[in-house]
Structures are given as C-alpha cells and as structure tokens.
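Some features that TrEMBL has for this protein:
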TRANSMEM  B:12-33  transmembrane segment
TRANSMEM  B:45-63  transmembrane segment
TRANSMEM  B:69-87  transmembrane segment
TRANSMEM  B:139-171  transmembrane segment
TRANSMEM  B:177-210  transmembrane segment
TRANSMEM  B:222-243  transmembrane segment
TRANSMEM  B:316-337  transmembrane segment
TRANSMEM  B:349-376  transmembrane segment
TRANSMEM  B:382-401  transmembrane segment
Amino acid sequence: MRKVLLPSLIIIATSLLVMRIFYLQIVDDTLKLKSENNAIKKKYEYPERGYMYDRKGKLLVANQASYDIMVIPREVKKTDTLEFCQLLKITKEDFIKKIEKAKVYSPRLPSVFLSQLNKSEFAAFQEKIRKYEGFYFQKRSLRDYEVDFGANIFGFITQVNEKLVAKNPYYNSGDLIGRQGVEESYEDLLRGVKGVKYIQKDKYNREIGSYKDGKYDTIAVQGEDINLTIDAEIQKYGEELMINKRGGIVAIEPSTGEILALVTAPSYDPGILVGRQRSKNYTELYRDSIAKPLYDRGLLAEYPPGSPFKILTGLVALQEGVIDANTTVFCNRGFSYARGRFMGCHCHGGALQLHRGIFESCNSYFATAYMKTINKYSKPAQAVDIWSKHMKSFGLGQFMGYDLPTGKKGNVPDSKTYKRIYPNGGWRSTTIVSNSIGQGEVLMTPIQLANMMATIANEGHYYTPHIIKKIEGHKIDEKFTTKHVTTIDKKHFKPIISGLFDVYNLGTARSLRVEGIDICGKTGTAENFAKIGGVRVKMEDHSIFVAFAPKDNPKIAIAVMVENGGYGATIAGPIASLMIEKYLRQKITRVDLEKRILATSLQSRYAKLGGLSEAVKLQLRISDSLLKKKTTIPTVKVKTDTTKSNKQAI
Amino acid sequence: MKNQSITNNIDWISIIIYASLVILGWLNIYSSSLSSMENTHEKQLIFIILTIPLIFIVLSVDGKFYEKYASIIFGISLLTLAGLFLFGKTIAGQRCWYAIGSFTIQPSEFAKAATALALAKYLSDTQINLKEVNRQIQALAIILLPVILILPQPDPGSALIYSVFIIVLYREGLPSWYVWTGFITILLFVLTLVLEPQYVILIALATLILVHFKSRLADRNIVLSTILFAIISGFVLSVNYVFENVFKQHHRDRFNILLGKTVDLKGIGYNTNQSEIAIGSGGWFGKGFLEGTQTKGGFVPEQHTDYIFTTVGEEWGFVGSLLVIALFSGLFLRIIYLAERQKTKFSRVYGYCVAGILFTHFFVNIAMVVGIFPTIGVPLPFFSYGGSGLWGFTILLFIFIKMDANKVNEW
C-alpha cells in the first residue's frame, strides 16, 4: 500500500493536467480567438472606388484624397498648441476636448483627431506635421462629384452600420459603404475588394513585422468604373426645370429600357455629403420630413395616374374586342353611370370615336369602354382579374426589377382587392368605373408611367428600366436585355398612338408643340388632399404629363409629375416637351416657355404644408459644397450659374 | 571489476528521457527568446554544455561517497542557505542568489539534493522505526531545517517542494495519519475558500456522524469524534482569519483569481490569462516551431522561466504537450521503479526523494501555467531557463543514476 501512493499521485495528477490542457486547447474555442485578437492585427488597404460616367462617357463621380489627422495621446509632447490650432483652424478648447476624448478611448492607440480634411485644408498642416509628436495622418479616398446634380441617382457613401458589420463579414467597423442610388445597388462592383495585411504584434501592441512573411496577405482589387444610362445634359436640365417645384421626371429610351433621366425635386448637391460638414448636412436633409429631399419621387411617389391611364383603358377595350376605332360614344359633358352618379368631363361633348376620345381626354368615352370590358364577362370578378392581368403586363402593380435600391409597387386592383373592400360582394362595373380614368384604386409611380409610354412607343413591349449602361469587363444583367411583351396585340397600338399624336396637334397640349418633332403625349391631373392642422384639405391637383417622341422611331419616353402643379398642360406638359426638345435637339427654341417654367415657383403652395422653405434648402446646397467653392454665390440663381461654369469645364 | 567504465550499468532509459527533456526545453527557450532582446537561448546552451562535465563528475565519484558524506553535504548546503542572509544578492525582491561577477547561483536549487541525501542517510543509518515519535521529529527536523532558511528569502515555491518528503517518509513507515491530516488540511483549506466556512463545518459534522455510526460499535469513541470536530471547526474558522489577516494581498489575489472571484485580466490576473490564451490557441497540433504568435509577441511574462510550458502548448499543441507530459511522468515512474529495485535503503529513499522532488516541481509548475494552481515561482525541471536549476536537477538525478548503476557492485 505504501509503495502505491506516489505512483498513484503521479498518474492522477498527470491525468488532471492532460484533461485541463485538453480543455484549454481543444474544447475552449474562445482562447484561440483571443490569441488572434491580441497578437495579430489585420491592416486593410482600401482600393479606390470605381468612377461613374454618364451614357456619353462624361465623368460624373470620381474620388478625391482626404486626410484624417490621427493622434496617439501618450506620445503627444508639449508643443506650440496655438500654432497647431491655427493650422487646423480649431480652437484651443476643441484641441483639449479632442485630446481628452482620444485619451478616454486609449492613451496608447491611435484615434481620429480630425477627420476628412481636404487637400487644401491639409496642405498647410502637412509641412509641419513632423513637429508635432504623437500626430500623424491617414489618407482616405472620398467621393468627388464632378457635377452638382444627380444626388438621388448616385446615392452617397457613409460608414457602415454595426448591424451590417455583424451580418456581412466583408465589412469592418468604420468601413465605408454606398447607400441609396447606384452606390448602393452596385456597391460590390464599385467598392472593389480591400486588401489585408496580417501584422504580428507584441504585448505593447507594437507591430513587430508581418505575420508568417505575408503568406495570408492579399492585395486590394480596384473598384470597377461604370457607365450609367443617364444623359448628364437632360438630367441637369430636368433638375433645373424642377427648381422651386416638387415632383419627379423619369425619361426612358424605349428601344432599350435605359433610364435617360431620373429627376426628383427638391434635390441637393451631392457634394454636400462629403467632408467635414457631411453629418450635419445629412441630418438636415433627413429631418426635412415635408419636402423630403432624400425621397426619390421618380421611384417612390405613388399617385393615381389620372388621364394618362385612359390609354391603357382604351388598349384593353380594343384587345377584348368590346370597342373598335369607330365605336361611337355620345358625351353629354359627362357620364352618368348609375342613378345619381355622374362623372364630369372636360371634352367638347357630342359624339366621339376613340381618336377624339384620346386627344380630348373624354371621360365618358373611356368610362363606357371600361364598363363594356368589365360587362363582357358574366362575373365582374373574372373581368377585373383579366383586366388586371393586362395592366400588369405593362409592369404596373409590381416592383419592376430596375437596378436602384428603392421603389414602390403602385397598385392595380383585382378581384381580391374588391373582395376586401366589399366583403359582402355586390360590386359591379359601375362601382369600380373610376379605374377607367386612372382614379379609383389605381396607383402608379412616375417610373411606371414612363415605362408605360415606352411600351406604347414600342407598340407592345418593353425592357426593364435600368440605370447601368456598361461595366468594364462585365456584362450587364440579362434581365435588362430581355423583352417583356404585353398582352395587347401590336395592331391595337396604332389608333392609340395617332390619338396621342393629336393631343399635341388638336388636343390638350396644342400649345406645347415643338416645330419639327412629332410628339405623342397625354396630360393628366391627380386630385390630392393634405392634412393641415388635422383637417383634410383639398390641395391643388398634381400636374402629370406623359409623352414619347418622335412618333416614328421613338427615342425618348417621359413621365413628368409636379406636385400641386395644377392642370397637366400648365407645368408638367411644358417640362416634358422641353426635356424632349433638349434631348433630341440639344437646344431649346422656345426660350420664352423655358424662361416661364424656370421662373415658376410653387413654394407658396408648398408653404401651406409647412417645413423648411426651399430657399433654405438652396442655401444648403450652395454654401456647404466644399468642392466647387460656390460659397460666394448666395443667390437663388446659383443653379444656372454653375451650369455655365460647368459648361466651360466640359 | 574495478576498472569498469562509468557508463557501465547506468539506466539509459532515464538518461534518454532526461536528454530529450533538456533538448526540448532548449528549443522552447530559443523560441521564446526571439521576442526579447536577451540572448537567453545562448546562455542556456552554455549551461547545457556545462552539464556534460558535471554529469561525468557525478558519475565518476565512488558510489559510496554520497552515503558517506551525506551529512557533510547537507551541512554545507545549509550553510550556503544561511549565508544568503549575509552575502545574498536580491533579485526581484528575493534574496536567493550569490553573485560572482555577472554570474549568479541559487543555493536552494542544490539544497533539495542535499536534503534528499541527508534524509536517505538518516533513514538508512540505524534500524529506525518511524512509528516512534522521536524518530518522526528528527526526520521532520531534517526537512524543516532548509525550509526555515528558504521561506524568509522569500521563496515559498522552493519551500513548498519540501512537502513531498512527507510522502517519502510515509513510504518508509510514517503513520498514515500524517498523510491523511495533510490531505484533509488541504481539502478543508480549498473548501473553505470556495464555500462559506459554516457550510464546510456542516459537511465535516455530517461526515463525522456518518463515520461514527458506520464504524463498528467497539470503535465508537464519542470523545475522539468530538475533539476531531472541534479541531476541524477551529481550523476552518482560522483559515478565513489567516486568509484575510496573515496572507498578503498578492497571495489573496492569486487564490481569488484561481477561484474566479476576481477578474482582473490587465493586472494581477494577466499572467494566468495570457498563459491560458497562449496554450489554448495551440489547438491539436500547435502553430509550429517559432510560429507562436503569443510567444513572438512576448505576451506571457517570464515565459522562458516559469512559463516555458506555454511555448510548448502554443507551438506544439495538444500533441506536443502530451508528449512532454508523457516524458516527465515516464521519468518519474521509471525512477520509482528503479528505487524499489535498490538493494540498500539509502539509495531507495534517495530515489524516492528524486522522483518526489521532480514530480512536485512538474505538477506545481504546469498546474500553475494552465490555471489550476495559484501563481507561485516553481521552475519546470530541465525545461525552465536557468543554470542553477538545470544543474541542481541534473545533480539530483545523476546521483541516483550512479547509485543505481552501483548496486551491482554492492555485494
């Protein structure tokens, strides 16, 4: 027994140690991670973000160098603080505060002292940085906007949020990421791939060389340059025309589905979201919940489309065979469709056929055509579903699949919609007749309206609208080159198009004709209401215009929507025709019209809704743009002024 | 038979294990030295080379020499320990070195071998019966003499090692209640720190009552049980007092870290935490020789001395750690096996002492490194950097190897 004690103790103790070591080395994973955290540092090399060009190759978005001043509090020596502050244009209190803040984070590790200085701000400091121990700088690449428009298209760059860092292993805290617009939808291409260097650290957190001789290191991959389908000329022109108005313009090339212009108003100079003022400016934009400068109306604003919708009503009626080009409807300056129910009409009345029905925008005609379509089937539910299917083949009531990160579906009602509204049934064609003239339950976004016009211009097919034209070394997504054919036969488009052509010759847009360009278009107005002080108030109608041109071999399809702009032909119509002229001719012949539109301000109407005035907004887009040094031009006319300077630059 | 070579009859297994451990130790010191500016691996290499003549001297000396001069060796050793109070050099608060130029030597590393010799000599000298209290006191006195000289240096780690002699005495007939008392004392101490004292007293009471009623009627002794209970209660209560009032703050901290009562990874808990991280990051096969990121970064303090095993853990992984542990326990068991084969009581006791001393160092050191024992300065035999340690352990081991080789001639 006495002989066994020591050997037993040895065996027991050894097993105990082995078990403990097994636990530490094999079972407990956290230690491995801790080791990596405290001994190996990853250093990232950030590639330059890809440039953006317009469809003609004009540079829109590039990069600029920016400098972060870094500080390691422990290494800061007593120096000439006064000179230091002067060089960086900060106060002594700022200096003390920033150093304190850095100390709180860590006295031994670097933290950002001053971020995003531009070249000129940094230049003076750079010469003397060696004098200030404990300070050094870090170069970063920021966006440099070559134009002062297109903010809604480009989106912006911001620091990635912690949620995404947790979800996506590519991003680290503090990395930059594209948000909204093209920056978001083509983030993966634009950002490139960052390079990683593994550095071995010692216990003082000092770097003592590369880990395993750089065996695991990777090189940064440059971001791809991309061409957008945007035409910079008309994009800029569209934004100018929309100054002091709210709304959206979407222009599409019918033969390809390429988005030529995507205007939202109010907008802002993309340059204000770069540099030291970035977060202050962003907050200001974000807080404006009335004018919503960050809200892309071209993609997001859903409205009852109004009269332009009659085009589709007509097409469906033709396809269903309930009318033909010669079907006559008698309009008595309105349409009574049920006992005591009457739909007013602006047309000149009398007996009309499809052609005049379109260019005079006769409510009676299309209400009749719609009721005939619905009544063709014994059950209204079945009829509405068939009608709904026709509508959806135009891309309505759905996200269209375009390559921008925001959108709204709009609405095309079907039998389910009405089952919900009228759970006890009893709805008939007369109940839903307002759909015929684009009121009722129908909702469309400007891009859907523009796409509708592109489809009509193509006589029955469209390509999914898209903003990407070319990526160096990549093919663009196949879905943008796939033809979507509608359920309407090609032959039915001819009479409709000729009606739309006469809108300009004889109809509601007579005054907007452009000599030598055959435009087909349609005016529209949408009633709307606002809650002001808790009371529902009827506001001025939204002014809507849709068009394509030229009539033969269409090059541009466009939808213009101006909030509270009034009758379709007063504001939206002129804007559409000016845009078309600008795109097809590159110059404007109707200078008076242009002047009138540029001068039109709806601010007094918007003022009723409250919120920041547009003048303040405009100040913002001028005074805070770091890049273009427009600080000296405080007037409202800035936009046109910069246009000129840009032209010289081009 | 007189002119035989000194390598005759020596136990090659022990020597091979010894050599492997020394070489592995040096490789790990080499790896850990890369992070520091000091050329510890070069110095250690010199120490290792110098062990070769040392081994030859130890093996050349006549086998009877050690037995004959054990008392004198012990006496000299005690003198060197005592001399520290007069001539010792203080390094890091510990007065345990003699300095000869830039060279330092630590007498306590050699005192263990001397004590082992003295104890072996005492036990073999006469027909000693350890059942006698007088003998017990004399034997304990031999052990406690060096302890008394070492403790105030202060070097509690070295002093702790001497507790293993109790097990040697037990092997030679010390009543078993010594071992039991020691075992129960440690158990109660740990329990009192982990649990509240009143619970420990309750557990003790329950156990005593259980033992009382389970034992045969004739053995029941209510008075003895009561006295035992009173002693236990007194001890448990005094543990708290000793812990709070006699222990220094850094001792308390070391226990609290171990028990998870204090979490201070930057300060007092830094060593243990970094040491666990280094070992834990090794995984199955380790990061490879010279590839340890923790080792390279110099995160583990005292890595080349007391924490040398962290390099093994990190760079050679579980497999490497297992190999080192297997070599060590193989050596211990081999020595015990050889000791039991000895023909003289002197060499048997000495062999037992060697196994015990090496094992205690090994267990206390690695248990501390892997975080199951409080931080205490005990080197890992043959591995840790340091000339005195290496030579002390080498002499300790090779004296026994010489005795073992000699047994054939003792007819």
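One-based numbering along the chain as shown.
Just so you know, glycine gets a Cβ as well, placed from its N, Cα and C.
Automated prediction, rather than curation, is the source of TrEMBL annotations.
In this chain, the transmembrane segment (B:316-337) does not touch the transmembrane segment (B:222-243); fewer than three CB pairs sit within less than 8 A of each other, excluding pairs fewer than 6 residues apart. Contact counts against the transmembrane segment (B:139-171), taken as Cβ pairs under 8 Å, peak for B:177-210 among the stretches B:12-33, B:45-63, B:177-210, B:316-337, B:382-401. Of the Cβ pairs linking the transmembrane segment (B:316-337) with the transmembrane segment (B:12-33) and spaced 6 or more residues apart, 3 or more are under 8 Å, so the two regions touch. Within its own chain, the transmembrane segment (B:12-33) is flanked in space by residues 39-41, 44-45, 48, 51, 289-290, 292, 295, 303-304, 308, 311-312, 315, 324, 327-328, 330-331, 334-335, 338, 380-385, 390, 394, 397, 401, which lie at least six positions past its ends and keep a Cβ under 8 Å from the stretch. Counting same-chain residues at least six beyond the ends of the transmembrane segment (B:45-63), those with a Cβ under 8 angstroms from any Cβ of the stretch are 6-7, 10, 22, 26, 386-387, 390-391, 394-395, 398-399, 401-403, 405-406, 409-410.
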